[in-house]
Number of protein chains: 2
Amino acid sequence: MEYTDGKWKKNSTDWDELMSTSLLDREAVIEGAVHSIRNMGDVAFIILRKREGLFQTVLENKIPDCSVHQLKEAMTVQVKGILKKEERAPHGRELRITGVKILSFPVESMPLAIDKWKLNTSLESKLNMRSVALRNIRERSKFRIQEALVRAFRDYLYEHGFTEIHTPKLGARGAEGGANVFKLSYFHKPAVLAQSPQFYKQMMVGVFDRVFETGPVFRAEKHNTKRHLNEYTSLDLEMGYIDSFQEIMSMETGYLQYAMALLKKSYDKELSLLKLELPNVDRIPAVQFEKAKELVSEKYNRPVRNPYDLEPEEEALIGRYFKEEYNSDFVFVTHYPSKKRPFYAMDDPADPRFTLSFDLLFRGLEVTTGGQRIHDYQQLTAKIADRGMEEEGMEQYLDAFKHGMPPHGGLGIGLERLTMQLLGEENVREACLFPRDMNRLEP
Amino acid sequence: MEYTDGKWKKNSTDWDELMSTSLLDREAVIEGAVHSIRNMGDVAFIILRKREGLFQTVLENKIPDCSVHQLKEAMTVQVKGILKKEERAPHGRELRITGVKILSFPVESMPLAIDKWKLNTSLESKLNMRSVALRNIRERSKFRIQEALVRAFRDYLYEHGFTEIHTPKLGARGAEGGANVFKLSYFHKPAVLAQSPQFYKQMMVGVFDRVFETGPVFRAEKHNTKRHLNEYTSLDLEMGYIDSFQEIMSMETGYLQYAMALLKKSYDKELSLLKLELPNVDRIPAVQFEKAKELVSEKYNRPVRNPYDLEPEEEALIGRYFKEEYNSDFVFVTHYPSKKRPFYAMDDPADPRFTLSFDLLFRGLEVTTGGQRIHDYQQLTAKIADRGMEEEGMEQYLDAFKHGMPPHGGLGIGLERLTMQLLGEENVREACLFPRDMNRLEP
């Protein structure tokens, strides 16, 4: 009987070995994609792209059975050779090739110069040729940064007693109702795609006390802006037995601190490739909604047009204000008007025109919405009735409250927006592998 | 200015403190849901349910302003009292209550006896009353086990140089085409829900070499069995520069070893609650498809009906065979017939009627499908043509191959099936928080 024991011995040399000194002047085998070829006549420099980075190999034109003319960009190859110290090469070493095995051939020349430091290509072209454009090492680095943000979210929450949940994206109705849901037919029954895991995560607070989910959400919003996607990844958490809604803000601050620390520790290669400076998140200022409006109206001499919501320009100004006045890239705006928050938001007992809620702005863009929820059944059903909403379709959500729910609250972070702001990108599509907007369903 | 610094000091005592000796005979504050009340006359035992487990508190009937008659199951409370050693209580301690603050009131009595050791309720009722049924501590433990399986998948793959990706669930067409896709209208354009991240993860192998995703997939299959869900969580990986398709099997074996180790280390509470014995995954036998068919046909005297696929009963018998003959709960079945594998599967050069592919059976149920993919553009387009398929809608997938792809392969694990088999459940719905099947879209 053949067995698999989980201990695969690769035919090729791994990156850590390549970087160690033990292999210098000895033979190594490297696999990778031909990122670029610089033919100098006597020798050619073949730069290989590996997941860990670029690696320089050198081919002398006298090697039998292997000529630089056989090689092409975008081939994938396995090269054998002697690992040599070379101060001028990246990582201070290079491989002097003794043999090349071609693993695959491209059939067309590259449509984009991915070996350039910066891809000088329109966003539209980059998105249309996503699988090629992302081979540029700066482009792909952005998604390693994104990985760190999700990974930190989960690891931080595991450490704080949260349970990870997976809730359905197909349902009989949306959490917030309204027009912004994608509808479909589910075995001849009407169904919708989840706009958020809101109801499910609340129900699960009654079970696990603290839960989180990282998954896609779908919004049929007819916005075609630089800040909107119609499908995005939401980092959601919900926690029970909170002392106040500020405890949720504290949890988010702790997460951001953890994320920055993880980036520094394990993603230094990407940080330096992108020349990213991480924001200081030791402490994040918090300001009430009305106060924030007032502050920017005064300082920037801008009339308040909509007293119930923040316009994008106002968010940007609040971000600017807190950068200028408090040198902070982040600011919590708290106590949003009840009118503009969903029915399950807890009104502030001190002034029920406002809610115990917050948004987190990062460099002037909302990246999180959160707050305390109503946990009392009667209070919840009264608010549903007050708003002229129906309980129909929410029976099982309401059941959780009928049978006792702790005081709780939570938040949802838009992963792509968080990534975009950290990267300093102008368009959220830059921070999404395969963005979906009103005009884009492919690739 | 107010600031949030991420260092919230809870009003209540945390579990680790409760379990330590430092707080014995001192005051503690505990929050939780009233799981059960046992009124003995002079004293009442109030068992609180917290995320970490059950905790015993004791209320003497002489305490002023607080009587057991005010308390009800499913209330959430904050109790103050003195922590005492008590050998007969779980964890060897209890809280002698000096004060009770009620945080929330249920409005109806519990529809299920969740404080019973086993919920003696039909699956249908459990699913209809999900938010209540899962409050049973054995029920909820199952999803902690599930958490460990996903967490281990990610952590193991991070360690092995994989990048986590998030690919769209809305697209212009399905990866495998065919009838099993949910269709919807996306801003007046036809769209489908992703059956798998197959195309995307392959495209991203050209970028990151190794990628994984954990997310929902949607199958409009008209199966209503104990093994099928129409939406499930798929653990997907795809890796480039593989030496052979067995390297993928090795990666999965390594993952399973890692998962079992994580369960033992960090989920011992749940393992003992559920009395789970973990399978041995030191090594996993592998058998070729045709050989497997032959072995069970001989041993169990069962005629081979379908030479191209495994019937569920046959899978169960293969599982039984490898348990009986090799004492293994797992078996890799390799070299599935080309006919039954998708177009992108790599045929075996030694015998192109078969593919370099595998399924992993766990206790007789398929929990994984994987294999090597075609990486050569011409070979891929030839196979598409051979099958009478159209390239239309696959242009951007094929672009990745046009511009060079390394040899690669991957797999997809059905999280709920893996959980189900580990738990010894009969129905996959037991291993899903909110299952979706042909008849169920709620809760």
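Backbone N, Cα and C define each Cβ position, glycine as well.
TrEMBL labels come from automatic prediction, so no person has curated them.
Here TrEMBL flags B:PRO90 as site 'Important for tRNA non-discrimination'. Other Cβ atoms within 10 Å of the Cβ of B:PRO90 (site 'Important for tRNA non-discrimination') number 12 in total over all chains.
Averaged across the domain 'Aminoacyl-transfer RNA synthetases class-II family profile' (B:143-443), pLDDT for the predicted model comes to 96. If you look up TrEMBL, you'll see B:143-443 marked as domain 'Aminoacyl-transfer RNA synthetases class-II family profile'.
The L-aspartate binding site feature in TrEMBL is assigned to B:GLU176, B:ARG219, B:THR369, B:ARG373. On its own chain, B:ARG373 (L-aspartate binding site) has B:GLN202, B:TYR344, B:ALA345, B:MET346, B:HIS408, B:GLY409, B:GLY410 as residues at least 6 apart in sequence with a Cβ closer than 8 Å to its own Cβ. Look at B:ARG373 (L-aspartate binding site): DSSP puts it in a strand.
Residue counts for the region 'Aspartate' (B:198-201) under DSSP, helix first, then strand, then coil, are 4 helix, 0 strand, 0 coil. Annotation source TrEMBL lists region 'Aspartate' at B:198-201.
Look at TrEMBL and you will find B:ARG219, B:ALA220, B:GLU221, B:ARG227, B:HIS228, B:LEU229, B:GLU366, B:GLY414, B:LEU415, B:GLU416, B:ARG417 tagged as ATP binding site. Over all protein chains present, the Cβ of B:GLU221 (ATP binding site) has 16 other Cβ atoms lying within 10 Å.
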Residue pair B:ARG417 (ATP binding site), B:THR369 (L-aspartate binding site) - Cα distance, angstrom, rounded: 12
Residue from B:PRO90, B:ARG219, B:THR369 whose C-alpha is spatially nearest that of B:HIS228 (ATP binding site), among the recorded positions: B:ARG219
Nearest of the binding-site residues (B:ARG219, B:GLU366, B:THR369) to B:PRO90 (site 'Important for tRNA non-discrimination') - Cα to Cα: B:GLU366
Cα-to-Cα gap, B:LEU415 (ATP binding site) vs B:THR369 (L-aspartate binding site), nearest whole Å: 12
DSSP three-state assignment (helix, strand or coil) for B:HIS228 (ATP binding site): coil
In the chain carrying B:ARG219 (L-aspartate binding site), residues 6 or more apart in sequence that have Cβ under 8 angstroms from it: B:ASN180, B:GLN195, B:HIS228, B:LEU229, B:ASN230, B:GLU231, B:TYR232
Per DSSP, three-state class assigned to B:LEU415 (ATP binding site): helix
